[in-house]
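**Student:** I grabbed these lines from TrEMBL:
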DOMAIN    1-120  domain 'FZ'
DISULFID  Cys82-Cys106  disulfide bond
DOMAIN    146-462  domain 'Peptidase M14'
ACT_SITE  Glu432  active site, proton donor/acceptor
Amino acid sequence: AKCVDIALSSCTDVAYTQTRYPNFLDQKSREVIEYSSEYILISVLHNLLQGECNPDLRLLGCSVLAPPCEKDKVIKPCRHVCENLKKDCLAAFDAIDMAWPYFLDCDRFFAGEEEGCFDPLAKLRGEVYVEEDLPSDLPATFIRFKHHSYSQMVSMLKKTAAKCSHIATTYSIGRSFEGKDLFVIEFSTKPGHHELLKPEFKYIGNMHGNEVVGRELLIYLAQYLCSEYLLGNPRIQTLINNTRIHLLPSLNPDGYELAAEEGAGYNGWIIGRQTAQNLDLNRNFPDLTSEAYRRAGINGARLDHIPIPQSYWWGKVAPETKAVMKWLRSIPFVLSASLHGGELVVTYPYDYSRHPTEEKMFSPTPDEKTFQMLAKAYANAHPVISDRSELRCGGNFVKRGGIINGAEWYSFTGGMADFNYLHTNCFEVTVEVGCEKFPLEEELFTIWHENRDALLNYMEMVHRGIKGIVSDKFGNPIKNARISVRGIRHDVTTAADGDYWRLLPPGTYIVSAQAAGYSRVMKRVTLPAKMKRAGRVDFVLRPAESWPSKLLRRSMEDAYDPYDPLELFDPHAQHGQPEARGGSPPGREKPWWWSYFSSLDLHKPLWLLKQ
């Protein structure tokens, strides 16, 4: 038997190109495999398990039905990969009353590492890329300005984190629809942990798959932060020592792959923009802006921490979107920016017009002055955005200083920036980093130098305003206390350790702290114009004799719904245990999923029925 090309539609994304017949199940041709119950199963598993454990299970199945072939010899998949996946996913099969597939028998069709096996899931983790050899005498600050594939990106992030292991780590916030990890590299003096009073900052790139500049900028920024910290750069050391920084270079790695097939220099506006589900991630978040406009006319109604409406979950929500929302709940982010492409301008909320029929209407948040300060911090540090010439990319925004209210530029709903502001404490702007969405590699060096100082300057803005701790008279931290600023109808809340951060421009403010069961405490705060770090304002709350009923009612109204799909969502789609579905006991009638195999006459998968 000779190695032949894989021609199975459900196995086109495996990390190899050739297989050999017969396979481990003694299926002697591609046609036999395609009409088998085993192949039909791996093709529909994503639907049967509602996205859980996929594409992992499909790739594992492909490694048995169409194992890799090299020099006319087949290689068995690794047993430990099968065992780990079975441990994680068996509960999902139990939940739909389905037996573990016989052809995924870890002892029968898989091999140990000592036998020379291969890992069929390595591609998902970006482990199949082999870094090309570079000269050993390169300086520590060397950055190669190139486009990075998914595996190259993951490799570079992990390599950077290993180089600076005392201040950096990588983690995944979840998976894309096609199963790629959404990798983040984090910089902090205590990687992996929130530290008291240390603000959390994030950059997100490549939300639209064909807008790749942000993706590359964040890969370069990670390398720059690491090397400059090691070299003793005081600006970088101060930034990392006092900030927890999270960089997510690619939120839409599936879309990027489509765009990359067109090649650099392709300035497309459609191909690769959306996810593998054909969803625009920057239109996929809950529309809380409409609710904020509705509440604005109600005396005493809150315009912050607005809960997600149940109706939102009736639509199609991308796993990438859910992963970001879970991320926002797990870390008390203070400041953020999403890097896009196609223009040269910084936009800020609201992105959705206060009048739905107006496509271009100035629609400010209660924090208009703060958002202008943040947007200008990036724009003024960017040599091209701050250039007064109108005959250039982004020239339309010169008279506005290179910044614009999002809805005044063009209105859209379901944006990530509005969601950050209205559902969490986080302030987010959108940076359009260039008029070319997918520039040539020779342009990347210039683009990096145009954006480097702006990226740093914006990160440093996380230290503007005030910060502090809210505690009771015994020094115990108070979680979810509300920090209010008179004249600004938008509060922030304290994190689990009682610490908070409130971004504010220079000025004098009346700031108050309150929490259920405690009396309100007010303080007068002055922030000088030249002050470059957050002022420390702590609050000690004392028990109240009676809590105002209107405030108690308001806090109850804004609590998360007891049934919260986001709480049940596992962004990694491997470890969740879905709720058991109803159904008749085995043997009395076939399970609901049996209809998927109705096209098979003689070879129905009786091995999937539990005995």
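Here the Cβ of each residue, glycine as well, is placed from N, Cα and C on the backbone.
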**Student:** Near Cys82 (disulfide bond), which residues of its chain come within a Cβ-Cβ distance under 8 Å, counting only those 6 or more away in sequence?
**Tutor:** Leu60, Leu104, Cys106, Phe110
**Student:** The domain 'FZ' (1-120): mean pLDDT?
**Tutor:** 89
**Student:** Quick check on the recorded positions: of Cys106, Glu432, whose CB has the lowest count of neighbouring CB atoms inside 10 Å?
**Tutor:** Cys106
**Student:** So how many of the residues in the domain 'FZ' (1-120) end up helix, strand or coil by DSSP?
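**Tutor:** Grouping H, G, I as helix and E, B as strand yields 53 helix, 12 strand, 55 coil.
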